[in-house]
Amino acid sequence: MLNLYDVEVHSRLLLGTARYPSPAVLAEAVRRSKTEIVTVSLRREAAGGKAGGAFFELIRELGVRVLPNTAGCHSVQEAVLTAKMARDVFRTDWIKLEVIGHHDTLQPDVFGLVEAARILTGEGFQVFPYTTDDLVVAEKLLEAGCRVLMPWCAPIGSAMGSVNPMALRAFRAHFPDVPLIVDAGIGRPSHAAAVMEYGYDAVLLNTAVAGAGDPAAMAEAFAFAIDAGRLAHGAVPLEPRDMAVPSTPVIGKAVFS
Ligand SMILES: CC(=O)[C@@H](O)[C@H](O)COP(=O)(O)O
(Lines of atoms letter the chains of each structure in order from A and count residues from 1; the text may use other names and numbers.)
(Lines give C-alpha, C1' and ligand atoms only; values in the text may rest on other atoms or scores of the structure.)
Protein backbone atom coordinates (compact mmCIF):
# COMPACT_ATOMS: atom_id res chain seq x y z
CA MET A 1 0.00 0.00 0.00
CA LEU A 2 1.16 3.49 -0.80
CA ASN A 3 0.51 6.13 1.84
CA LEU A 4 0.17 9.72 0.59
CA TYR A 5 -0.71 12.25 3.25
CA ASP A 6 -2.40 9.50 5.28
CA VAL A 7 -4.43 8.25 2.33
CA GLU A 8 -3.70 4.65 1.38
CA VAL A 9 -3.89 3.53 -2.24
CA HIS A 10 -3.08 0.25 -3.98
CA SER A 11 -2.24 1.56 -7.44
CA ARG A 12 1.15 3.19 -7.91
CA LEU A 13 0.14 4.87 -11.15
CA LEU A 14 -1.18 8.43 -11.08
CA LEU A 15 -2.69 9.45 -14.39
CA GLY A 16 -3.03 12.84 -16.07
CA THR A 17 -6.33 13.70 -17.77
CA ALA A 18 -5.22 16.06 -20.56
CA ARG A 19 -5.03 15.55 -24.32
CA TYR A 20 -7.10 12.39 -24.69
CA PRO A 21 -8.87 11.98 -28.03
CA SER A 22 -12.26 11.92 -26.29
CA PRO A 23 -13.82 11.77 -22.82
CA ALA A 24 -14.79 8.15 -23.48
CA VAL A 25 -11.18 7.20 -24.22
CA LEU A 26 -10.06 9.00 -21.07
CA ALA A 27 -12.62 7.10 -19.00
CA GLU A 28 -11.53 3.76 -20.51
CA ALA A 29 -7.85 4.56 -19.93
CA VAL A 30 -8.55 5.38 -16.29
CA ARG A 31 -10.49 2.14 -15.90
CA ARG A 32 -7.83 -0.07 -17.48
CA SER A 33 -4.96 1.66 -15.67
CA LYS A 34 -6.61 0.77 -12.34
CA THR A 35 -5.39 4.13 -11.09
CA GLU A 36 -6.95 5.52 -7.94
CA ILE A 37 -5.67 9.07 -8.46
CA VAL A 38 -5.97 11.37 -11.47
CA THR A 39 -4.48 14.81 -11.80
CA VAL A 40 -6.51 17.64 -13.33
CA SER A 41 -5.37 21.04 -14.54
CA LEU A 42 -7.77 23.59 -13.16
CA ARG A 43 -6.43 26.43 -15.30
CA ARG A 44 -6.62 24.56 -18.59
CA GLU A 45 -10.07 23.15 -18.04
CA ALA A 46 -11.56 26.27 -16.45
CA ALA A 47 -10.38 28.23 -19.48
CA GLY A 48 -12.91 26.17 -21.44
CA GLY A 49 -15.79 27.84 -19.57
CA LYS A 50 -18.87 25.63 -19.83
CA ALA A 51 -16.79 22.81 -21.25
CA GLY A 52 -14.64 23.02 -18.13
CA GLY A 53 -17.72 22.35 -15.99
CA ALA A 54 -18.62 19.26 -18.05
CA PHE A 55 -15.06 18.02 -17.80
CA PHE A 56 -15.01 18.35 -14.01
CA GLU A 57 -18.29 16.44 -13.91
CA LEU A 58 -16.75 13.64 -15.98
CA ILE A 59 -13.78 13.50 -13.63
CA ARG A 60 -16.07 13.24 -10.60
CA GLU A 61 -17.94 10.39 -12.29
CA LEU A 62 -14.73 8.40 -12.72
CA GLY A 63 -14.90 7.67 -9.00
CA VAL A 64 -11.19 8.21 -8.38
CA ARG A 65 -9.43 10.66 -6.09
CA VAL A 66 -8.54 13.97 -7.74
CA LEU A 67 -5.14 15.58 -7.40
CA PRO A 68 -5.69 19.06 -8.88
CA ASN A 69 -2.59 20.65 -10.38
CA THR A 70 -1.33 24.13 -11.09
CA ALA A 71 -0.07 23.29 -14.59
CA GLY A 72 0.55 26.38 -16.68
CA CYS A 73 1.34 28.63 -13.70
CA HIS A 74 4.50 30.66 -14.09
CA SER A 75 4.50 32.63 -10.85
CA VAL A 76 4.01 32.02 -7.15
CA GLN A 77 0.90 34.22 -7.11
CA GLU A 78 -0.71 32.36 -10.02
CA ALA A 79 0.04 28.97 -8.49
CA VAL A 80 -1.30 29.93 -5.05
CA LEU A 81 -4.48 31.41 -6.53
CA THR A 82 -5.02 28.35 -8.74
CA ALA A 83 -4.51 26.02 -5.76
CA LYS A 84 -7.15 27.91 -3.79
CA MET A 85 -9.62 27.72 -6.67
CA ALA A 86 -8.91 24.02 -7.05
CA ARG A 87 -9.63 23.47 -3.36
CA ASP A 88 -13.07 25.05 -3.83
CA VAL A 89 -13.87 23.11 -7.01
CA PHE A 90 -12.65 19.67 -5.91
CA ARG A 91 -13.00 19.99 -2.14
CA THR A 92 -9.55 18.62 -1.46
CA ASP A 93 -6.46 19.95 0.27
CA TRP A 94 -4.27 18.03 -2.14
CA ILE A 95 -2.46 20.08 -4.77
CA LYS A 96 0.15 19.09 -7.33
CA LEU A 97 2.24 22.22 -7.34
CA GLU A 98 3.84 23.30 -10.60
CA VAL A 99 5.58 26.66 -10.97
CA ILE A 100 7.04 26.61 -14.44
CA GLY A 101 10.30 28.52 -14.85
CA HIS A 102 11.39 27.94 -18.42
CA HIS A 103 9.41 28.08 -21.66
CA ASP A 104 11.40 25.49 -23.62
CA THR A 105 12.05 22.85 -21.00
CA LEU A 106 9.03 23.55 -18.75
CA GLN A 107 11.58 23.15 -15.98
CA PRO A 108 10.21 24.09 -12.57
CA ASP A 109 11.15 27.48 -11.14
CA VAL A 110 12.49 25.88 -7.99
CA PHE A 111 12.78 29.17 -6.10
CA GLY A 112 9.14 29.99 -6.77
CA LEU A 113 8.20 26.38 -6.05
CA VAL A 114 9.67 26.46 -2.54
CA GLU A 115 8.05 29.82 -1.83
CA ALA A 116 4.63 28.67 -3.08
CA ALA A 117 4.94 25.39 -1.17
CA ARG A 118 5.63 27.29 2.05
CA ILE A 119 2.58 29.53 1.54
CA LEU A 120 0.29 26.63 0.67
CA THR A 121 1.33 24.28 3.47
CA GLY A 122 0.84 27.26 5.82
CA GLU A 123 -2.76 27.40 4.60
CA GLY A 124 -3.37 23.70 5.22
CA PHE A 125 -2.70 22.35 1.73
CA GLN A 126 -1.06 18.95 1.26
CA VAL A 127 1.44 19.74 -1.43
CA PHE A 128 2.82 17.40 -4.12
CA PRO A 129 5.62 19.51 -5.61
CA TYR A 130 6.75 18.87 -9.19
CA THR A 131 10.48 19.46 -8.86
CA THR A 132 13.86 18.67 -10.39
CA ASP A 133 16.18 15.97 -9.05
CA ASP A 134 18.16 18.61 -7.08
CA LEU A 135 18.73 17.39 -3.51
CA VAL A 136 19.08 20.87 -2.01
CA VAL A 137 15.76 22.01 -3.45
CA ALA A 138 14.17 18.80 -2.21
CA GLU A 139 15.44 19.46 1.33
CA LYS A 140 13.94 22.97 1.18
CA LEU A 141 10.60 21.55 0.02
CA LEU A 142 10.55 19.19 2.98
CA GLU A 143 11.42 22.09 5.30
CA ALA A 144 8.52 23.98 3.72
CA GLY A 145 6.17 21.24 4.89
CA CYS A 146 5.87 18.95 1.85
CA ARG A 147 5.54 15.27 2.80
CA VAL A 148 5.72 13.91 -0.76
CA LEU A 149 8.19 14.81 -3.51
CA MET A 150 7.74 14.51 -7.26
CA PRO A 151 11.03 14.75 -9.15
CA TRP A 152 10.97 14.84 -12.95
CA CYS A 153 12.82 12.22 -14.95
CA ALA A 154 12.78 14.29 -18.17
CA PRO A 155 10.92 17.38 -19.41
CA ILE A 156 7.11 17.21 -19.48
CA GLY A 157 5.81 15.61 -22.66
CA SER A 158 9.28 14.62 -23.88
CA ALA A 159 8.71 10.86 -23.51
CA MET A 160 12.46 10.41 -23.00
CA GLY A 161 12.43 8.38 -19.81
CA SER A 162 15.05 8.91 -17.16
CA VAL A 163 17.76 11.20 -18.61
CA ASN A 164 19.83 11.10 -15.44
CA PRO A 165 19.40 7.72 -13.78
CA MET A 166 22.30 8.41 -11.42
CA ALA A 167 20.59 11.53 -10.05
CA LEU A 168 17.28 9.72 -9.66
CA ARG A 169 18.94 6.88 -7.77
CA ALA A 170 20.78 9.34 -5.52
CA PHE A 171 17.52 11.16 -4.87
CA ARG A 172 15.85 7.92 -3.81
CA ALA A 173 18.78 6.96 -1.58
CA HIS A 174 18.82 10.40 0.03
CA PHE A 175 15.16 10.35 1.07
CA PRO A 176 14.46 6.77 2.09
CA ASP A 177 11.38 7.63 4.15
CA VAL A 178 9.67 10.18 1.91
CA PRO A 179 7.09 8.99 -0.63
CA LEU A 180 8.65 9.75 -4.01
CA ILE A 181 6.67 9.89 -7.25
CA VAL A 182 8.46 10.29 -10.56
CA ASP A 183 6.51 12.91 -12.52
CA ALA A 184 6.94 13.88 -16.17
CA GLY A 185 8.96 12.67 -19.11
CA ILE A 186 8.03 8.99 -19.01
CA GLY A 187 7.44 7.71 -22.55
CA ARG A 188 7.10 3.94 -22.32
CA PRO A 189 6.15 1.30 -19.81
CA SER A 190 9.81 0.20 -19.68
CA HIS A 191 10.75 3.72 -18.46
CA ALA A 192 8.21 3.43 -15.67
CA ALA A 193 9.42 -0.05 -14.76
CA ALA A 194 13.00 1.25 -14.57
CA VAL A 195 12.24 4.01 -12.06
CA MET A 196 10.15 1.62 -9.99
CA GLU A 197 13.14 -0.74 -9.96
CA TYR A 198 15.18 2.15 -8.49
CA GLY A 199 12.75 2.06 -5.58
CA TYR A 200 10.40 4.91 -6.42
CA ASP A 201 7.00 4.67 -4.82
CA ALA A 202 4.89 5.63 -7.81
CA VAL A 203 4.82 7.26 -11.23
CA LEU A 204 2.69 10.13 -12.55
CA LEU A 205 2.29 10.34 -16.30
CA ASN A 206 0.00 11.78 -18.93
CA THR A 207 1.36 12.24 -22.45
CA ALA A 208 2.59 8.66 -22.88
CA VAL A 209 -0.94 7.34 -22.40
CA ALA A 210 -3.04 10.16 -23.88
CA GLY A 211 -0.83 10.36 -26.99
CA ALA A 212 -0.56 6.63 -27.62
CA GLY A 213 -2.29 5.01 -30.60
CA ASP A 214 -4.50 3.09 -28.17
CA PRO A 215 -4.52 5.05 -24.89
CA ALA A 216 -6.56 2.51 -22.93
CA ALA A 217 -4.28 -0.40 -23.88
CA MET A 218 -1.22 1.72 -23.07
CA ALA A 219 -2.69 2.63 -19.68
CA GLU A 220 -3.02 -1.07 -18.90
CA ALA A 221 0.53 -1.74 -20.13
CA PHE A 222 1.81 0.94 -17.74
CA ALA A 223 -0.09 -0.62 -14.86
CA PHE A 224 1.63 -3.97 -15.50
CA ALA A 225 5.06 -2.35 -15.90
CA ILE A 226 4.75 -0.38 -12.68
CA ASP A 227 3.73 -3.48 -10.75
CA ALA A 228 6.61 -5.43 -12.34
CA GLY A 229 9.13 -2.72 -11.44
CA ARG A 230 7.88 -2.59 -7.89
CA LEU A 231 8.07 -6.38 -7.55
CA ALA A 232 11.58 -6.40 -9.03
CA HIS A 233 12.75 -3.72 -6.60
CA GLY A 234 11.51 -5.80 -3.68
CA ALA A 235 13.27 -8.83 -5.11
CA VAL A 236 16.62 -6.93 -5.01
CA PRO A 237 17.93 -6.86 -8.61
CA LEU A 238 21.59 -7.63 -9.36
CA GLU A 239 23.98 -4.73 -9.85
CA PRO A 240 25.62 -4.65 -13.32
CA ARG A 241 29.23 -5.92 -13.46
CA ASP A 242 32.14 -5.05 -15.72
CA MET A 243 33.27 -8.64 -16.22
CA ALA A 244 31.61 -11.89 -17.19
CA VAL A 245 30.61 -14.24 -14.40
CA PRO A 246 29.77 -17.80 -15.48
CA SER A 247 26.13 -18.53 -14.78
CA THR A 248 27.01 -22.24 -14.70
CA PRO A 249 30.04 -22.20 -12.41
CA VAL A 250 30.95 -25.90 -12.20
CA ILE A 251 31.59 -27.50 -15.57
CA GLY A 252 31.22 -31.24 -16.02
CA LYS A 253 29.01 -31.90 -12.99
CA ALA A 254 25.45 -33.16 -13.18
CA VAL A 255 22.76 -30.74 -12.02
CA PHE A 256 22.36 -30.71 -8.19
CA SER A 257 24.90 -33.52 -7.73
C1 LIG B 1 -0.53 16.12 -16.32
C2 LIG B 1 0.61 16.63 -15.59
O3 LIG B 1 0.57 16.85 -14.43
C4 LIG B 1 1.86 16.87 -16.34
O5 LIG B 1 2.23 18.18 -16.15
C6 LIG B 1 2.83 15.88 -15.82
O7 LIG B 1 3.96 16.45 -15.36
C8 LIG B 1 2.99 14.72 -16.72
O9 LIG B 1 4.03 14.80 -17.64
P10 LIG B 1 4.05 13.84 -18.92
O11 LIG B 1 2.96 14.33 -19.80
O12 LIG B 1 5.42 14.00 -19.52
O13 LIG B 1 3.79 12.45 -18.46
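Using N, Cα and C of the backbone, Cβ positions are placed for all residues, glycine too.
Curation does not apply to TrEMBL; its annotations are automatic.
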- 1-deoxy-D-xylulose 5-phosphate site partner of Ala184, Gly185, Asn206, Thr207 (as recorded in TrEMBL), chosen from Gly157, Gly199, Gly229: Gly157
- Query: 10 Å Cβ neighbour count around Lys96 (active site, schiff-base intermediate with DXP)?
  - Reply: 26
- Report the member of Gly157, Gly185 (the binding-site residues) whose C-beta atom has the most other C-beta atoms within 10 angstroms. Gly185
- Cα of Gly157 (1-deoxy-D-xylulose 5-phosphate binding site) to Cα of Lys96 (active site, schiff-base intermediate with DXP), in Å and rounded, measures 17
